[in-house]
Structures are given as structure tokens and as C-alpha cells.
Amino acid sequence: MSSAFLLLACALVISVHADGVCRNRRQCNKEVCGSSYDVAIVGAGPGGANSAYMLRESGLDIAVFEYSDRVGGRLFTYQLPNTPDVNLEIGGMRFIEGAMHRLWKVISELGLTPKVFKEGFGKEGRQRFYLRGQSLTKKQVKSGDVPYDLSPEEKANQGRLVEYYLEKLTGLQLNGGPLKREVALKLTVPDGRFLYDLTFDEALDLVASPEGKEFARDTHVFTSEVTLDASAISIFDDHLGEDYYGSEIYTLEEGMSSVPQGLLQTFLDAAKSNEFFPNNHLKALRRRTNGQYVLYFEPTTSKDGQTTINYLEPLKVVCAQRVILAMPVYALRQLDWSQLRNDRATQAYRAVRPMPASKVFMTFDQPWWLQNERKSWVTKSDALFSQMYDWQKSEASGDYILIASYADGLKAQYLRELKNQGEDIPGSDPGYNQVTVPLKDAILEHLTEAYGVERDSIPEPVTAASQFWTDYPFGCGWITWRAGYHFDDVISTMRRPSLKDEVYVVGSDYSWGLISSWIEGALETSENVINDYFL
């Protein structure tokens, strides 16, 4: 009996040490650090890069660690071989003048060049909708005949339907002004419940006809705010919130990736003690008795847009006095750190749901989408492609560039399955950004239907590339807030999950409302964490 017990004990000791991570305070206290820092920042997206930038002249020994070989996170400027003179944005692609103040400040400090994002969010006379099999102009969607049986009241408010529903639900009159966060979180519906406690369906079922609700859902296009358990407050913030109130829509001449790249480079140039280590995956985080943190990194390899963990290589052991986790919530939830499993943290991170997103770019030798009676530069639809944007013509090759699909939610997940089937098309980029025959065929079948042309009447793509924000470490293009959570009740926990630890979390996934879908959210969270805990 005793010998059997000893054998089991030995087996247990071997298993807990097999992955190279200390499992108790005594082991962690004995761990030998390969390098030590005052601050370790994990993640080189906008949140991590801005954290490093703000601390660049602090006099602290700081290191930034990145999972892949790329700086940028969900900002990803890309080029295709036949259109090298044109930046493709397969991540975040634009920003709003007058609404995103932190980004404007950073752009100015880095000396970057804003330029107008020509199509904005879709402009009158240049945008169409394809809904329930009908092609409609933007004007028709606002005030014309639509394939939805709207009530007389809904018809009278067709061009301001979301605001009309907010008025009926809460009695709030905006009178041309924005819906402010502090106001939105106090709004109640007639039965006394807070608006943020309701889902989109629960809220609109109180005031909308069934057809009116579907019209609002379909014209919103993005599914993040209008499906499953998304808080009803999300769609009202998206359409009416103060972060949406601005003027022109811009992008950057240098590409959107130039923001995190510029922030990180400025950090590195500021002091010799500032360091950057790409291709390091944070596996586990531990704390010693003296308060120092032990970070265990797995080496990774990046090739053709795909990063893989080198499981057979030894772990890198890094120690730090303080840690900033600039990680998407999808990756954060998978980190081996016990404090993320406490009830307080678990409840806080449950407030947000990662939303898969995707973009598929294609180039053509002619702009077939502008050569028929339904021509448009932007098309938004309930069909599989979801959104299409004319990008621009390459002066290098004369080819025309198209975002053939910009989707989220279940559509993005379905398209991802198609991407993983069949052969790559001729002209596809290699590796993770590939476009396969099933993916190309499905998108173009729905897109040509929306434009009212035969599939065999358009040319095949010259080149193509895709980006699916579905896999580790991102897991999503952005998050949506779930019904039942008050932002101010959980945000401090999201950004500091353990009050006894100097471990902080930054990134757009931990920001409020609309800006959680934008770089502004990453800049806001990193700015607040650095100002509150480091400066």
C-alpha cells in the first residue's frame, strides 16, 4: 500500500514539473531569472505600444514581449504583390476626426499623415444596400419603400429609427446631441429595468414591430450589437453615442500599423534600457514571496502570417517588478495565472463577448462593380459578404482593389470554414492570409447577386488576401458588451484583476462601448492604467 502511494507521489511530482513552470511559492522563489526588469509589457499592439511609449523616459528597465514577429496587433497594414503602392488595411482601417482625441494626439506626436478615408461609412450616392434580395440606395433605406412591413409610426421615423426606439423605450430626447455614457447607463425602460440589462431583442420587442426590429438589425449590418446576449445599450451607443460624434473619416498615409510601430520605435529610441523581444508567447505568470513576478515565455516561429509555438524548446524565464498584460481578452482568459480564476476577475471578464471578424481583399483588372446600373462604391447587405468597399486603383499595375467581404459574427466564422477548404486560388497570398476557391466562389456568388450581374460575366481575381480575426491570440476583431453588466462596476477589475498584485491589463477589449472596436479604446485603457498606477 505504502509503495503504491510512493509511486503515485513520484508520478505527481514529475507531472507538475514537466511543463517547466513552478507550481508553488517555494519553487517560484528558487526560480533562476534569465533576465529581470522593472516592467514587463506583454503585447505589441496599440495598447502595449502606447504603454511603453508613455513610460519611455521613466528611467525604468522596461521590456516589451510580443507573441508574433509583427508589431501592430489588430492594426495590420498589408500589400499585395501587384499593388505595392497601395496600403491594404486588413485590420482597423479608419478613425473619426473630432471623436478620437487620443489617436489624433498620438498621430501628431509621431508626425504621421492623416488622409481622408474616401468612402467614410458609406456616402449618399455612392452606397447601396442589398436586403432581402432587393438593391436599395441609401436614400431609399432612409425614406423610401423597403422590403419590410413597417408600422405607420416606424415608417414616419424610418430615417431615425434607432433614435425613435430609444425615445419610446426611455423617454429620452437627444435633440441632436450625443448619448453620453453616464446618461446611457442610467436609462430605464417602462417596467423599471435598466436598459443595459436588456438584450437587443428584449428591448426592441417592447417598442418595435417584428418587421421594424428586423429592419433595424439588418441595416445595422454588423451583428455584434444585435444578436445573442449583446446589451441593448450597444446599438444605441453605436448609432448615437458621443464617441461616434465627429466630422470627417480619416486613415493614415503611412498605414494604420504605423501608429503602434511608431510608438514602439520611439520607446526603443528613448533609452538603451528599453527593449523589445518578438516571438515570445507568455505561457504562465507567477509571484514570488518578495513580490517579484516570474513570467514563463515559450519561443514561437512566424512564417507566412502564421505564428506557432515551439513546444520542444525550453521556456524563457523573465522576472519583473510589475507587469502590463496588453493582451486580447481571448488570450488573457487562457493565461496560466491563478488570479484570473478568482470570482471577481471571472465575473468581470464574462461581461464581454469576443466577436469574430474577417476581411477578404481581391484585385481585378477592371472595376466590374462600377459598370452596371447598381454601381456603388460601398454595399452593405444581409448576405454572406456583409459589406463591400471599393478600395482604390493601383497606379503601379492598373488593377482595381476591392474589399470583397467585411464580416463579423457567424458570417465570419462560416467564411473561415470555407477558407480552410479546397485549393488556393491563383494569385492568393500564401499561408494564413490565403484565399481558397470555396471562399472566393461563395463571396463572389453573393456579391454578383447583389449587383445584379451574372457570376460568369465578371473577371477572376488577379490577387487576393484574407484576414480572419478568429484565432489565437486575438480570437476576435472586437468585443461586445453582454446584457446585465454595468461598465463602471467591472472595468476597474478588468484593468487590475487582483488588488494585491501589480499586474495590469490594457487593450481595446477593456474599454467602453463604441471605442472598444477602435484603436482609441486601446489608447484610452493604456493611458488610464499608466496614469493611475505608474506616473
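Cβ coordinates come from backbone N, Cα and C, glycine included.
Here Swiss-Prot flags 1-18 as signal peptide, drawing on experimental evidence.
In the three-state DSSP reading, G92 (FAD binding site) counts as coil. Counting only same-chain residues six or more apart in sequence, the Cβ atoms lying under 8 angstroms from the Cβ of G92 (FAD binding site) belong to R74, L75, M256, W518, I519. Positions annotated as FAD binding site by Swiss-Prot, on the basis of similarity to another entry: 46-47, 66-67, R74, 91-94, 513-518.
According to Swiss-Prot, the feature substrate binding site maps to R94, Y406, G513, L514.
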Those residues of the chain, 6+ apart, with a Cβ under 8 Å from that of S516 (FAD binding site): V352, W478, I479, T480, W481, S508, D509, Y510
Integer Å distance between the CA atoms belonging to Y406 (substrate binding site) and L514 (FAD binding site): 18
DSSP three-state assignment (helix, strand or coil) for Y406 (substrate binding site): strand
Max pairwise CA distance, angstrom, over record-listed substrate binders R94, Y406, G513, L514: 21
R94 (FAD binding site) to Y406 (substrate binding site) - Cα separation in whole Å: 14
